[in-house]
Amino acid sequence: MAIPSYATRGERIWHYVFLGLCALIFLFLVGPLLIIIPLSFNAQPYFSFSEAMLKLDPAGYSLRWYEDFFTSSAWLGAIKNSFIIGIASTILATILGTIAALGLSNRHMPARGAIMALLISPMIVPLIISAAAMFFFFSKINLAQTYLGVILAHTALGIPFVVITVTATLSSFDTTLIRAAHSLGANPTRTFFKVVLPLVTPGVVSGALFAFITSFDEVVVVLFVSGPGQRTMPIQMWSGIREHISPTILAVATLLVLLSMLLLTTLELLRRRSERLRGIAPE
Amino acid sequence: MSESPASPLTTADGVPLKVSLRRAVRRSKIKAFLLVSPLLLFLGIAFVMPIIEMLWRSVDNPEVTTHLSRTVAALEGWDEESLPGEPVFAALVEDLREGQAARNLGLLSSRLNYEKSGMRSAINRTARQLRTIEPPYREALIELNDTWGELDTWKLIQRESTPYTLTYYLAAVDRQLTPTGEIVQVPDHLKVHVSLFWRTFWMSAAITGLTLLLGYPIAFLLASLPLRHSNLLMILVLLPFWTSLLVRTTTWIAILQSQGVLNDVLVALGVIADEARWQMIHNKTGTIVAMTHILLPFMILPLYSVMKTIPPSYMRAARSLGGKPFLSFRRVYFPLTIPGIAAGGILVFILSIGYYITPALVGGQSGRFITNYIAYHMQTSLNWGLAAAIASILLFVVIVFYMVFNRLIGVDKVKLG
């Protein structure tokens, strides 16, 4: 966004004011996430910077909250549960969602709009409503307070993300490639695995990542559907924030920020790969 | 050529082309539907059915008919002018005896207590004394508890002996039925829901407005920078988007609380005195700030994808035709971004009125949303019918906005990341 050479002085000033405003908004977006990283090394059990920290005195810093986290059976159990539930529901959501997306991208799909709206609805319906509804229903069929119940609930919540990303990938899919493969003698199975799948994989993987993070970060439904045996990370954090605010939560938060950075990098690499495969130069 | 040009075209095996095509399309349709059906079936069972059942629970009214079946039968033909006669009281004693033996009077007494306070204790006390009561039951029961001598009690039992009820919906909008069946407002100190609905709406609208205010310049900047730079800045938008909701809420607690980072900075700068730290959390401010931060990416992403499609030459053309920068922006660029504003606005609004976690953690008493009341009735007051009714109203509002969104933008146009 360069300033055109014909810009007047007023326009130049406005240009810099605008950039300054944008910088402030970016600070609002990212600043809070960066502030907790140093706070999590606080030697004091507070949520604010101590004098010693501000003076960069090493005594003001400590790893005690990380130690607390990695030695607590409650936190480690919660992580384990989060991974079990997250991975199982991601696999289910990815399989069901990808197959459905293949059907939805068919030109002749009947009632496409209505079905799509239905498939996306778990993302739109307020979580508290889904949670309350699933609580009643799962209690009735003995799925409440079981792993299976939480996994099925999270599968439903993850499905919209898989459907959206995979259909988006398929909609820009060049179907002449399939005909070309056929004309070169490949049978449908071979075409699917050699041509369609490699091109769709980035969409599937990013859909799966979305589904996983949805489950990994979900509190409300677990709060209602799970029992004490299925305590996940977010539930542990939730009760930590509500009951006894301990900076261990800041250590967990820092680790989760790092996790999201990792995920973001993965997604960015996937996007570049798919652009390269499609022959779109990244500029 | 033996065929005349008028004869229909056929495929190699002699089937008319039209028929063959239609068959192919049908096969393709069936194939597509079969691919979608496992997911439809799954969502139908795991998501749609629970919601339908919850909606049903908001009107379901089984307590009086099941637990007071004899009383209800005996009340038939009652004139509603004077207290019912001995047979009705005898039937009540019989019903309560059975309920006491089966230990399920709790449901009944709480159900009736929602409508008329004092019913719980009346039923419980009567049930405890059942062994000592002797006929004539009418006098005995009235002596035991005044409630049984009130005409309203019997009118209430008769009114609630229908299998469906609207009382939960009435309670959800702070109304109740009088014993005679008129709809009136509940006493002032019990009015909570309507004001919470309004608060949820105006705070969501405020949050939507704020995200638009903050998101528009960012989306504009991202859309007008060359891709190389904008991809880099996009990471700053996507990082919070990908970060755990609880993490983001926690950081706002760390920043905004009275011993928190922002207050510390303000004290250090001398803006406020140490003993007059601002209360920025556990109130409306906390909810609005934290939710604006959380929902901002949902505004930026749709705005960006719309702005990306506006050719920069439009603005240059407007400028070359003599339009001052602001005028060109207002008349040319801004109207073109309206679809993005609508998409982001509706999305943020829908997500925001359904938020539960953030208002519950940083909202305190004054920054609470209607969702927090659904949770309250689910977990604490255990008035599930009322929770279901409030949830149904909220769901209705969300579905209306979702349909508008779908009509205007189309759900499949939603882009993630």
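Cβ coordinates are placed from backbone N, Cα and C, and glycine is handled just like the others.
Some features that TrEMBL has for this protein:
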{"type": "DOMAIN", "residues": "A:79-267", "note": "domain 'ABC transmembrane type-1'"}
{"type": "TRANSMEM", "residues": "A:16-41", "note": "transmembrane segment"}
{"type": "TRANSMEM", "residues": "A:83-104", "note": "transmembrane segment"}
{"type": "TRANSMEM", "residues": "A:116-138", "note": "transmembrane segment"}
{"type": "TRANSMEM", "residues": "A:144-170", "note": "transmembrane segment"}
{"type": "TRANSMEM", "residues": "A:191-213", "note": "transmembrane segment"}
{"type": "TRANSMEM", "residues": "A:248-270", "note": "transmembrane segment"}
Positions whose Cβ lies under 8 angstroms from the transmembrane segment (A:116-138), at least six residues beyond its ends: 100, 104, 144, 149, 153, 156-157, 159-161, 163-164, 167, 218, 220-221, 223-225
Two-stretch contact, the transmembrane segment (A:191-213) and the transmembrane segment (A:16-41), at least three Cβ pairs under 8 Å: no
Cβ-Cβ under 8 Å with the transmembrane segment (A:16-41): same-chain residues at least 6 beyond its ends: 47-49, 53, 61-63, 65-66, 247, 250-251, 253-254, 257
